[in-house]
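Q: This structure is in structure tokens; I'll ask about it shortly.
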Amino acid sequence: MFCYQCEQTDRTGARPGCATAKGNCGKDETTADLQDLLIHAVKGIAQYGALARTMGVRDREADRFVLYAMFTTLTNVNFHAARFVALLREAAQTRDRVKAACDAQARATGAALPALQGPAAWQPADDLPGLLKQAAAVGIDAGLDTVGADIVGLRALVLYGLKGVCAYAHHARVLGYERDDIYEGIEAALAFLATDPTDVNALLEQALDLGRLNLTVMELLDSANTGRFGAQQPSAVRVSPVAGKAILVSGHDLGDLHALLEQTAGTGINVYTHGEMLPAHAYPALNAFPHLVGNYGGAWQDQQSDFAHFPGPILMTSNCIIEPLPQYRQRIFTTGPVGWPGVRHLEHHDFSTLIRAAQALPGFPATAPEETITVGFGRHAVLGVADKVIDAVKAGQIRHFFLIGGCDGAAPGRNYYTEFAEQAPDDTVVMTLGCNKYRFNRHAFGDIGGIPRLLDVGQCNDSYSAIRIATALADAFECGVNDLPLSLVISWFEQKAAAVLLTLLALGIRNIRLGPTLPAFITPGVLNVLVDQFGIQPIGDASADLAAALSRQAA
């Protein structure tokens, strides 16, 4: 096992990374190795998928499988080794089906079919020991002694960014939104990685290409969310419980939540959101369900405490799951790409078992005094009052904007984001997105001339909204985004955040502060390139960084 894809990776050894029997995320070495092998297998599908496109052949089910398989390998998504064995078998069958279609097309047209090598020629071993032996040769650090840490780190940057792209594309796909150019870009990147690239410039350009592709994917997901559920609207969300039977929904998948709301209508069961599901309350088609009563708990890393105290069943719809404690192991369910050994997995939006569990559990005995927070400041809401915002800037009422967002986590140093937000002067506006918001979203920030000082833009994928807001302001002031009174203070944890970071870099956005630590796969040599080209810098002291951001604007 070797893995350093997330922020919580082990950094105590000579080389950062989890390389023991169990990673810091809870992933055991068998699962980690099978995930490495699944990525290898998916590269083989992509090699034939890319070839098939040149021959006019399409296999949409193969495209979709690539998204799903990649999603299962993200941090805190799937820990179920047996499911990865099954996915490996399915990957080989999928690859062979695409290859057979290429063969048939070549015969029909008289074209010569090239003999693809590497992952395209891989065949799964017959048993688990054999699969693990195969995995040992294809891990993320394969070739380290030959090509060096910089090349391995750049390959990891591309792969991890690609995982985030696939996750966002999967979210859009399950809502009925997909595009062939997105599948083509994803499979081209996987096929590129299948060649074991060693050219620094080619790797950096591929990373930026993925950033551009991810912008397209986030735009598609934005269209999917708004197309299915309406544009986000500023909405008050209850954060105190209501008496009655209850189900808690965590993760990111709005489609799963909608299906559950439909199935629980009229049952007397109240539904609560958790973690990154909080923005669901801002979508009209979801907020219209009266039994979507509120949000419970905090960010993903608080789930063991939150879930233990919740008096009903829990549904995990996507990342991020942590090892379930005995207090709730029998009442947590997974769906979609999520998995944990011994936890019941629900398929095809059939939540009848979950609903029966809710009816059998006590629920909340009493209604607590009402407490609310406000969400729903996506691009439609903010750009709808753009004139008011622009006038406030011109009048000197708004001096600066801060985007303080991204993934939260349990590592020391994340209080920085709370301190930064709390210390932001009263004439500044804080935009936030992702679960990092839980560090300060219950604080009273007030408003500036009726404009809330804290604007919750949405989930991590709503970085697209934040980008649209920033570019609209730049257009209004006839300047570039880097010339705006805007600072990006980003908290990263996993591969979706890596994809968003690549998008920001591809857009030429500079001087991003990133923390709480820099990615372990970003070697000093690669970091020098990112600093030189993009001005990326690690977070430091909140007060000093805040002063530097404001002084940069003044200068």
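Residue numbering: from 1, along the chain as shown.
Just so you know, glycine gets a Cβ as well, placed from its N, Cα and C.
From a predicted model like this one, the values you see are computed outputs, not experimental measurements.
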Q: Out of Cys166, Cys460, which is the one Swiss-Prot records at the hybrid [4Fe-2O-2S] cluster site of His252, Glu276, Cys320, Cys407, Cys435, Glu494, Lys496?
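A: Swiss-Prot names Cys460 for this hybrid [4Fe-2O-2S] cluster site.
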Q: Out of His252, Lys496, which of the binding-site residues is least crowded by other Cβ atoms within 10 Å?
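A: Counting other Cβ atoms within 10 Å of each of the binding-site residues His252, Lys496, the minimum falls on His252.
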Q: Please identify, among the binding-site residues Cys3, Cys6, Cys18, Cys25, the one with the smallest Cα-Cα distance to Lys496 (hybrid [4Fe-2O-2S] cluster binding site).
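A: In terms of Cα distance, Lys496 (hybrid [4Fe-2O-2S] cluster binding site) lies closest to Cys6.
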Q: Select the most exposed residue of Cys3, Cys18, Cys25, Cys320, Cys435, where exposure means the fewest other Cβ atoms within 10 Å, treating these as the binding-site residues.
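A: Selected from the binding-site residues Cys3, Cys18, Cys25, Cys320, Cys435 on minimum Cβ neighbours within 10 Å: Cys25.
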Q: I need the neighbours of the [4Fe-4S] cluster site defined by Cys3, Cys6, Cys18, Cys25. Which other residues of that chain put their C-beta within 8 angstroms of the C-beta centroid, in sequence order?
A: Tyr4, Gln5, Gln8, Thr9, Asp10, Gly17, Gly23, Asn24, Lys27, Ala32, Thr75
Q: List the same-chain residues at least 6 positions away in sequence whose Cβ sits under 8 Å from the Cβ of Cys407 (hybrid [4Fe-2O-2S] cluster binding site), in sequence order, or say none.
A: Glu7, Gly434, Cys435, Asn436, Cys460, Ser491, Trp492, Phe493, Glu494, Lys496, Ala497
Q: Reported as an integer number of Å, what is the Cα distance between Glu276 (hybrid [4Fe-2O-2S] cluster binding site) and Cys18 ([4Fe-4S] cluster binding site)?
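A: Pair distance, Cα basis, whole Å: 26 Å.
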Q: Which residues of the same chain, at least 6 positions away in sequence, have a Cβ lying under 8 Å from the Cβ of Cys6 ([4Fe-4S] cluster binding site)?
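A: Sequence-distant Cβ neighbours: Asn24, Cys25, Thr75, Asn76, Phe493, Glu494, Gln495.
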Q: List the Cα distance (Å, whole number) between Cys18 ([4Fe-4S] cluster binding site) and Cys320 (hybrid [4Fe-2O-2S] cluster binding site).
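A: Cys18 ([4Fe-4S] cluster binding site) and Cys320 (hybrid [4Fe-2O-2S] cluster binding site) have their Cα atoms 18 Å apart.
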